[in-house]
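Undergrad: Mind looking over this structure? Questions follow.
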Amino acid sequence: MEPGSQQQPSAPGQQPPPVGHQIVHVRTDSETDLETLFNAVMNPKNANVPQTLPMRMRKLPDSFFKQPEPKSHSRHVDQTTTWQDPRKAMLSQINITAPTSPPVQQNIMTPTAMNQQRLSQSAPVKSPPALQPQSPPSGVLGSGGNQQMRLQQLQMEKERLRLKHQELLRQVRPQELALRSQIPPMEQDSGPPNPVCSSGISQELRTMTMNSSDPFLNSGTYHSRDESTDSGLSMSSYSVPRTPDDFLNSVDEMDTGEAITQSTIPTQQNRFPDYLETLPGTNVDLGTLEGEAMNVEGEELMPSLQEALSSDILNDMETVLAATKLDKESFLTWL
């Protein structure tokens with residue numbers, strides 16, 4: 001059933017639908033019936049809307065048309081009963097407060113009110129005298145006066161909060177400037193310390209490092225090794241090429257005419273701590289770089305370099321080169 005639609009004639013055995021309602025039976029031509037229903041709902045002007053009945057013709061109780069009894073009045077003194085629409089009072093309050101709001105705002109912004117607010121903020125004890133003008137007059141009891149007083153209180157509270165906010169900003173601003181002035185020295189004092197240089201690095205090298213114009217040199221505590229894209233070295237600690245152990249063993253076994261024992265090499269390697277192997281970039285056989293054996297061999301070779309090469313040394317070198325050509329596939333690693 002749809003309200004506001006046209007009424008169709010009903011069957012003889014059925015009750016007629018209520019006034020303003022329509023019963024649609026979808027039997028054969030559903031499209032036509034649905035279109036009729038749609039037009040009736042979308043165009044209610046063409047529908048038969050019942051007219052409003054007067055109060056005397058409506059089905060109302062008899063007590064509605066009689067005067068109330070004396071005990072049923074809302075005011076027992078004068079025996080009267082009245083009812084007023086509450087919306088009228090709201091509209092009257094709005095109409096009263098609308099023209100009076102600009103003078104209130106203008107009065108609040110006067111220098112006298114500003115001085116009173118400043119005195120109330122500086123001396124809280126004097127706040128009751130400053131708020132005395134806000135109290136409503138004794139003769140004003142209407143709703144318009146209460147609304148105006150409430151609006152004035154809200155405006156004064158808003159102005160007081162604004163002044164308090166400005167005062168807080170003025171107090172915080174010097175502290176903020178003082179903190180900002182202290183931040184650069186703190187950053188300079190808390191800068192990263194210079195790395196501890198070893199005894200082998202000279203003072204000139206440290207001066208060049210500290211006074212360098214390159215911004216990347218002084219950016220951190222120490223330099224970090226970056227990955228290279230063209231040298232074939234990665235960031236891992238095993239990227240540095242090493243001499244195979246088989247090659248060193250074969251060289252030690254050669255007959256070079258000097259009594260070099262096998263125990264000298266491990267003693268040189270054991271002089272360095274084991275934790276150096278775990279550091280990145282230190283996976284190098286440090287025993288071959290420097291040592292007592294290197295110094296001894298250098299001292300022994302210095303006087304012999306001025307002498308002519310003997311045939312025994314040449315024969316030994318040919319033997320070594322021949323052995324190297326035969327076994328180079330087993331111990332040489334080409335990079």
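Here the Cβ of each residue, glycine as well, is placed from N, Cα and C on the backbone.
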Undergrad: Which is it, of 145-173, 174-202, 203-231, 261-289, that Swiss-Prot names as coiled coil?
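TA: Of the candidate stretches, Swiss-Prot labels 145-173 as coiled coil.
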Undergrad: Of the ranges 48-80, 114-146, which one does Swiss-Prot list as region 'Disordered'?
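TA: Checked against Swiss-Prot: region 'Disordered' maps to 114-146.
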